[in-house]
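Report on the structure given below.
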Amino acid sequence: MNIAKVIVDVQAKAINQTFDYLIPEKFRDILSEGMRVIVPFGPRKITGFVVGKKEESEFEQLKEIIDVLDINPVLTEELLELGKWVAEDTLTLYITAYQAMLPQVLKAQYKKELIRNTDEELAHELEFLFAGRDVIRYEEFVQSTVPYTTLRNAIQDGAISINYLVKSKVTKKVITFIEPNKEAHLLEEAFMDLSPSAKKQRHVLSFFLEFPEPVEQQKLYNLTNTNRAVIKALVDKGILREYKKEVYRNPYDDTSFEKTLPLPLTKQQEMALHPIIEKIHNHKHDVFLVHGVTGSGKTEIYLQAIQEVIKQGKEAIVLVPEISLTPQMVKRFKGRFGSDVAVMHSALSNGEKYDEWRKIHAKEVKVVVGARSAIFAPFENLGIIIIDEEHETTYKQEDQPRYHARDVAIKRGQYHECPVVLGSATPTLESYARAKKGVYQLATLDKRTNNQALPKVEIVDMRNELHEGNRSMFSIALKREMESGIERGEQIVLLLNRRGYSTFVMCRDCGHVKRCPHCDIALTYHKNSNQLKCHYCGYEERMPHLCPECNSESIRYFGTGTQRVEEALNQLMPHARVIRMDVDTTRKKGAHEKLLKRFANKEADILLGTQMIAKGLDFANVTLVGVLTSDSMLHLPDFRSSEKTFQLLTQVSGRAGRHELSGKVIVQSYTPDHYSIQLASEYDFEKFFLYEMQIRKKFRYPPYVYLALITVSHQNHVKAVQITSRIAQLLLKVVGKDTIVLGPTPSPIARMKDRYRYQCMIKYKNEPELRSTIKKVMDLYADEMRKEDLSITVDMQPYHLM
DNA sequence: AGCACGCCGACT
DNA sequence: GTCGGCGTGCTC
């Protein structure tokens, strides 16, 4: 096996295939599939993944692999196969799929440098640029005024050559330790010899006389109240010694988690857990849907199933929506499994993510708890995969590869012959329908573990409030409940649902709304900078004093931001202490946890926030949940808007009365009769499911059909429409008669970054050839995509129709 | 994609 | 003769 098949790091359709390379003698024994290599590619050097080996190649002149980057393969055989499947299933490039499976820092960076090959005089500009050096960075040339032709000539003459470099982004964290450099009695001698005026040095030495152990440099500074200078003096005298050690960055201090033991299960939990355990014992794959109301103890089921898996010497993956949002979740896993747990989520730095990944790769942990991409954890002996809050949209990646973690989980579950558990209080219609059909195993938990009733939900019709002269954003009922709650010393969670409903700027005189000049969307007002920003392209301008249309001074921002609610709250109840949680107050690392901790410590009466407070919070003292704007996303152009509203209301309601105190929920709405609001208030998932399924059936939406969305964008409006139309016609010709091809229709954001966007939607039940057909159609436009700056993207099973 | 190479027109 | 701007074709 002297030849390696390599997928190279070039994102282009024409390169989406394996390339053969000769394995040099020195790498023959060590090179295996799944390793990263550096290979020559045309004039450059790039990285690639070895996906296979073979004896012969149809190419005559093979180049040799330049270097091998890994000692152990970064992708297992399973992951190589899985990546191939992901790429083909989502219609993306192999290299894109492989890179999505690995931490960012393993992606190489490419650099160039110019090398002088001759002592002879160069063109004078080049001579000036090199300034006596033999090697310069390529950027130096780019930044200079030297014409390209001059360099080109020098390269053709052989006077200068380009060196292509592959640089690793990997940085490993190193900690400096300080320890005594002498034995105890010699140390004591040294102590005596120290000048009596060297107070600090004597203090440090006395510390080491008491504890002759290595100490982290930083800790030593703190413990002995010294600094670099003092320690250096002692090191220079040969009394102390410093050494460096490579460590994992540990974003969670394992010792700070209290060890927990399995809790006794309720009958319902027992019944849900039992069949899962059975599959674990029999090494059989199956998909379980655990449909449990908030507080029904789903997490305990996960924990005990994982315990069983660990007992068998196998590993577990737990996906949670966005783990930084639920420190309580991490606490529960770390509390039960301690340092056997790796944690992966977007709030970690790239270095931290890499370290957590290395722990998995090195088989130092048994469990990974993480967001979407943790589904690719390089375990080789998986015993269970759990997806908590299965309905969350974050499990679908919105850029390439556009995979859904649930699909990947099931694929891996099949490979490892292990169960996949989906958990939710409000499952997606897709999963629930499958469970009802018997494709998934359904377990229902309709009782809370503490037998507390779910909090009562009161819907307030905001139209009546308006008629009765209450123009504020708080209904009379909500105000009353907030006041009495605070009086009793209880806490309140207020949700401002502002998805699809941000703060835009409108002139009260002429109705003019400020829009982005490059995108078809209203600009959003940002108070702290007094600027208007576009959330799609980043365009920004100053908030105008006068309406640009009619010069009126009555130009104001509309919509309800959390800041405005906070101000109104302060006016309404000056004594109430409010914590505001939104993108602005949680931008800084760790800000999230800090705010939640303050709320938990009862440093505030009201927690006011956006969607991010709806999930996973568990505060014993919260008895009231208020939803200020329950219907803001009902009117989005999205077939899931009812489902999402139902999910959000159900979830946020579950935040009240989780422990001894009973809870209450007040939902304010302008459409109080809407079924998703009504049924959420009754916690009637079953009824909601049946009703919504009828609607999906009538309008032909999932789960009755599968969707594929093709989005075409181009600077020229007419061109975008024309091409979309042609694609729709081409597809219509080949698909089955039950398949619906819609389009061209303008995308919900019809213009973005000065490009017009049109889409073609395909609704199908059974189209085994659809992927290859779409590929062929895309190939027809390959040339135009390159030359004419045309863009065509495909999303199989889109979540948002943007 | 990213690069080299070659051709062409413009300008000293 | 240079200089700079495209278009084209190749990458094991």
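Every residue gets a Cβ built from N, Cα and C, even glycine.
Taken from TrEMBL as is:
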type	residues	note
BINDING	A:C507, A:C510, A:C547, A:C550	Zn(2+) 1 binding site
BINDING	A:C516, A:C519, A:C534, A:C537	Zn(2+) 2 binding site
DOMAIN	A:279-445	domain 'Helicase ATP-binding'
DOMAIN	A:542-699	domain 'Helicase C-terminal'
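A straight line from the CA of A:C507 (Zn(2+) 1 binding site) to the CA of A:C537 (Zn(2+) 2 binding site) spans 23 Å.
Excluding A:C507, A:C510, A:C547, A:C550, which define the Zn(2+) 1 site, the same chain contributes A:R508, A:D509, A:G511, A:H512, A:P548, A:E549, A:N551, A:S552, A:S554, A:I555 within 8 Å (Cβ to the Cβ centroid), listed in sequence order. A:C510 (Zn(2+) 1 binding site) sits 22 Å from A:C534 (Zn(2+) 2 binding site), taking the C-alpha atoms as the reference points. Of the chain residues outside the Zn(2+) 2 site list A:C516, A:C519, A:C534, A:C537, A:P517, A:H518, A:I521, A:L523, A:H535, A:Y536, A:G538, A:Y539, A:M752, A:K753 have their Cβ within 8 Å of the site's Cβ mean position. Comparing A:C550 (Zn(2+) 1 binding site) with A:C516 (Zn(2+) 2 binding site), their Cα atoms are 18 Å apart once rounded.
Same-chain residues at least 6 positions away in sequence with a Cβ under 8 Å from that of A:C537 (Zn(2+) 2 binding site) are, in sequence order, A:C516, A:H518, A:C519, A:M752, A:K753. Around A:C547 (Zn(2+) 1 binding site), the same-chain residues at least 6 positions away in sequence with a Cβ under 8 Å from its Cβ are A:C507, A:D509, A:C510, A:H512, A:E553, A:S554, A:I555.
Least packed by the Cβ count within 10 Å, out of the binding-site residues A:C519, A:C534, A:C550, is A:C550.
Within the group of binding-site residues (A:C507, A:C510, A:C516), the Cβ with the highest number of other Cβ atoms inside 10 Å belongs to A:C516.
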